[in-house]
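Colleague: First, the structure itself, so that you have it in front of you.
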Amino acid sequence: MSSLTGKLIVIEGLEGAGKSTAVNLVVELLSQKKISTITTREPGGTKIGEILRSIIKNPEYNNVLDDRSELLLLYAARIQLIEQVIKPALNVGQWVIADRFELSTLAYQGGGRKMDMRVINELSNFCLKGFKPDLTLYLDINPELGMIRAKSRGKFDRIEQESIEFFHRIHDTYHILVKQNPEIMMIDANRSLEEVQSSIQSVIEEFIEHNL
């Protein structure tokens, strides 16, 4: 990433953790520093990616879409996003704020779906070729609370319809990944919005200070 002039900041977490709100806050903080930004989401963010998203998230494909197919669709969408959107933005000095990235696949497919992490890592190496975020914020929320918050948004999609045990496995895997990768910043999202935003602001302001 050192050859690229922009920065990639990723927001991670379970459903209901407040990722969208966090993305908006980060954009606001960066704009105050006159930093040009774009936002992305996964899966999606490109024409092809949005088509793949509609397949992955569609409840009609419950018990139909094979876990392996889901994994490959996610990486297909991610490749398109990196090559069509993220890298071009970074190369012209824009900062990219992403709602989900690679960590989600490790947590959801590796943890939630119980897929072999070695297979996922091999696929990641092939598809991403070492491409990594400059900063990852993981919003940590209790799965039950997260689903209550997510339900308030409306009808559940295919992923959100999974069992609470599924989300507990994801939550546990996120914690393992954070311990294995100390550069990931974990923020307690069980707290009030004001407290969460204050923590995010502190992390982002320190990151800006060291990268401008």
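We number each residue from 1, going along the chain as drawn.
Glycine is no exception: its Cβ is also placed from the backbone N, Cα and C atoms.
Sharing the feature lines straight out of Swiss-Prot:
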| type | residues | note |
| --- | --- | --- |
| BINDING | GLY13, LEU14, GLU15, GLY16, ALA17, GLY18, LYS19, SER20 | ATP binding site |
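Buried or exposed, and what's around them? Tell me for each listed feature.
Modeller: Taking a C-beta cut-off of under 8 Å and a sequence gap of six or more, LEU14 (ATP binding site) has these contacts in its own chain: LEU139, ILE141, PRO143, GLY146, PHE167, ILE170, HIS171, TYR174.
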Colleague: Can you check which residues sit near ALA17 (ATP binding site), meaning Cβ under 8 Å from its Cβ, same chain, 6 or more apart in sequence, and list them in order?
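Modeller: For ALA17 (ATP binding site), the qualifying residues are LEU139, ASP140, ILE141, GLY146, ARG149, ALA189.
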Colleague: Going along the chain, which residues six or more apart from GLY18 (ATP binding site) have their CB under 8 A from its CB?
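Modeller: Sequence-distant Cβ neighbours: LEU139, ILE141, ARG149, ALA189, LEU193, VAL196.
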Colleague: Should GLY13 (ATP binding site) be counted as helix, strand, or coil on the basis of DSSP?
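Modeller: Reduced to three states, the DSSP call for GLY13 (ATP binding site) is strand.
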